[in-house]
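Have a look at the structure below before the remarks.
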Amino acid sequence: MHYNSYIYIYRVSNSQQGHKGWPLSVLHSSPDIENITELLKTGPYGKCVYDCDNDVMSNQVVNMQFKNGATANMTMIAFTEAICDRKVTVFGTKGELQCHGAGHSLVLYDFTRGDHDRIDTTAKMMKGLSGHGGADFYCMDSFVEAVVQNDPEKIRTGPDETLYSHMLVFAAEKARKENKVVSMSPDGTFT
């Protein structure tokens, strides 16, 4: 067990700065030095990750090819300076769109003009709902807007799209564990 090094890291980097958010909020709803110390001593979070039963990859690349021939790849990296930050780049024939995490601007590079357009996404998002790259906020924002305006079109995705996107994750995990290419059908099943 590497409990002592975890306590030291917590005390120096988080406690003295009054940090109470992620990842400490996962351990306790109101983290302080006493309850975090106790949880690290007695629970699984004080245990070395290599001594646990977790088999999740610390670095995974998923390559996808869609029915129409389009391709996409997703890289998940556990250990980065930007904790839980999502970086999305979409490449097209006329330009490139980038977004680097919740609360950052979208940047569109136009190949024909050779310049950048910035779209500010920071003004609307509330800090308390910035999880999942801002998706938590925008999901709730769309729902509230749909109810207030009595317009279900404001909700851009439904349960089918949500289920399908989660099935993609399960297919990627199957491919990783079985070291093979996995095909998904339109109904979300995969082989």
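Cβ from N, Cα, C; glycine included.
Unlike curated records, TrEMBL annotations are generated automatically.
Per TrEMBL, domain 'Gfo/Idh/MocA-like oxidoreductase C-terminal' is recorded for 59-183. In the domain 'Gfo/Idh/MocA-like oxidoreductase C-terminal' (59-183), helix, strand and coil residues by DSSP number 43 helix, 35 strand, 47 coil.
Across the domain 'Gfo/Idh/MocA-like oxidoreductase C-terminal' (59-183), the prediction's mean pLDDT works out to 84.
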